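Peer 1: The following feature annotations were taken from TrEMBL:
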- 391-521: domain 'Palmitoyltransferase DHHC' (DOMAIN)
- 42-74: repeat 'ANK' (REPEAT)
- 76-108: repeat 'ANK' (REPEAT)
- 109-141: repeat 'ANK' (REPEAT)
- 177-209: repeat 'ANK' (REPEAT)
- 258-276: transmembrane segment (TRANSMEM)
- 282-303: transmembrane segment (TRANSMEM)
- 310-330: transmembrane segment (TRANSMEM)
- 336-357: transmembrane segment (TRANSMEM)
- 436-458: transmembrane segment (TRANSMEM)
- 483-514: transmembrane segment (TRANSMEM)
Amino acid sequence: MSFCNPEDHRSWDIVKATQYGIVARCKALIEAGYDVRTHDSDNITLLHWAAINNRLELARYYISLGAVVDVLGGDLMATPLHWAIREGHLGMVVLLIQAGADPCLRDAEGCAAIHVAVQCAHTPIVAYLIAKGTDPDLHDANGKTPLMWATWRTFSVDPTRTLLSMYASVNMKDMVQHNTPLHWACMSQNTNVIMLLVQAGADLDAKNDKGETPLDIARIKNVWITSRLQMIRRERGLDTQTNFFQTLVSNKTFRQRTTFVVTFFSMFCVGFILELSTPSWLSKMILCIFCYLLVHGISAFLITQNETMFILPLAISIATKFWVYCTAFFYYWPYIYAPIGVICFFLFSTGMWYFFYKSIKTNPGIITMAEDQKKGAIVHLAETDGLKLGNICSSCLIIKPLRSKHCSVTNRCVAKFDHYCPWVFNTIGAENHPYFIGYLVCLLGILSWHIYAAFQFWQYGTPVSTDLVGFERIWSIMKYSPWVVWIFLNCVFHSTWVCVLLVCQLYQIIWLGVTTNERMNAGRYHHFHTSQHGNLETSPFNRGVVANFADFFQIELCGMLKPLKIDWKSKMEFLPEYKNVTIRKSHDHI
Ligand SMILES: [Zn+2]
């Protein structure tokens, strides 16, 4: 150790020299006759001390001299492997396993290597042990599986996600209290893992030896978990349905269709009520309030948070398109005199529907890997010192390619991840990003056309006296068809946010050379230069405006431009074309 006076080492005993990694002193004592298999007064061996302090060179040296790899020692009667895992020394774990350590040996508490790794939340070690053949459902002495330990003791999501990705059983019960992992999560109020277990198919009706379900335990412990479990039970139709209405509410397809119907109906109703020929604004207002209460009532009973987050934006998008097109054909069409107006309508309409469909249906670049490939890659990374949570996805357990990210909505790793877009019900990634930009351009085009067409209608289609000027004229035009005003306002609203989104997207793609995720989370990646406040300053992917444009849209312009052709699903390393790169830890050859 650099801070120790070399003179001091000569007086150290071998235990202290091993703890501090003083190889020369240890070798001198061994050569003087110290037996590496000796247990000290606490029943601990030198290999234990080397393991817990991550002294790789000494561990190798002791093993070469015949140190017993699976020796039990210390208060917990644990192996050096247990000790290395407790401290999270993956390199030492690899060394001991390669030297023949048995990961199934249990300590005095009945825990094997994987149970200790899970309790200490050392996820890369959990992944490595399973990749090397440890059963992800291995029981400890009390019949608890690693997943039960993870949901009970570990409040970060990673070990649970990794175990579920490795097919750990989500409904196995321990041997003493007969609790499932979901019972254990409810018991320790581990809110982070509840939804992971539910999505993985946890049985909500499983009973322990006292006859309690996870919900029974949650009711005593935690209001949030109780409400989540109750909501999931409703969604799955698990509660006894006492009437027809409850049966309907529990039907997911019915709820999704209701969301669409309510959205179409709401948009129509506002315009329809405003359009009514009655001159009384009071009666129109009362009708509007009545409609609002009706929609609010239906939504409160039939539309859950899930539909609001994931179905409603798509429903609004399609309902708006539908009513806007109806308005165009019934109101505007006779007043579009200029041929360019007709051409623009068909051009933008065709483009919008084509790109809308492609944005929704195109696989954004989901990264998949066969099971044995995943395990092989994990072992390779662990053995070459590259297995870190930053390099692998703890959900998919794949080696993350450059610029990829796990999409929390679709639960998949996506190449060159940009963002999840609820308006197109899909993640935007390497494969569908150009379609998404095409959609935004055409959407803005067609919305602008509708705004132009509304003005054409007001100019040529409304019989308003030419005597009226100023505000009086505007008011009488608006009164002539309130429906058109309502649709016009919708178009203005949507074109505003589409315009802002498009400008942001083009600025990121062409000017900065980054994705939305990279811009928002630049501080998380080693290869971006950020300001003190974490804002992006330079991107290694920025090759200049023209090249960024060519790269993104893969435009060659008869050989004038030379876009980079990169398969982002497998790209692990920076290219020489990307200059000024502060490269993160390499993880090549996978
Ligand atoms: Zn993933």
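Here the Cβ of each residue, glycine as well, is placed from N, Cα and C on the backbone.
Note: TrEMBL annotation is automatic and uncurated.
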Peer 1: Would you mind listing the long-range same-chain contacts of the transmembrane segment (436-458), meaning Cβ under 8 Å and 6+ residues beyond its ends?
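Peer 2: Sequence-remote neighbours of the transmembrane segment (436-458) are 324, 327-328, 331-332, 335-337, 341, 344-345, 347-349, 351-352, 354-356, 358-359, 418, 421, 424, 428, 477, 481, 484, 487-488, 491-492, 494-495, 498-499, 501-502, 505-506, 509, 552.
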Peer 1: Please list the DSSP helix, strand and coil residue counts for the repeat 'ANK' (42-74).
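Peer 2: Tallying H, G and I as helix, E and B as strand, the rest coil: 16 helix, 1 strand, 16 coil.
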Peer 1: Averaging the per-residue pLDDT over the domain 'Palmitoyltransferase DHHC' (391-521), what integer do you get?
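Peer 2: Overall, the domain 'Palmitoyltransferase DHHC' (391-521) comes to a mean pLDDT of 88.
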Peer 1: So what's near the repeat 'ANK' (42-74) in sequence-distant terms, Cβ-Cβ under 8 Å and 6+ beyond its ends?
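Peer 2: Hits for the repeat 'ANK' (42-74): 14-15, 18-21, 23, 26-27, 30, 36, 80-81, 83-84, 86-87, 89, 91-92, 95-96, 99-102, 105, 107.
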Peer 1: DSSP says what for the repeat 'ANK' (109-141): how many helix, strand, coil residues?
Peer 2: 16 helix, 0 strand, 17 coil
Peer 1: Short question: which residues 6 or more past the ends of the repeat 'ANK' (109-141) have a Cβ under 8 Å from it?
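Peer 2: Contacts of the repeat 'ANK' (109-141) (Cβ under 8 Å, skipping residues fewer than 6 from its ends): 76, 79, 81-82, 85-86, 88, 90, 93-94, 97, 103, 147, 149-150, 153-154, 156, 158-159, 162-163, 166-169, 172, 175, 374-376, 378-379, 382, 387-389, 392, 394, 397.
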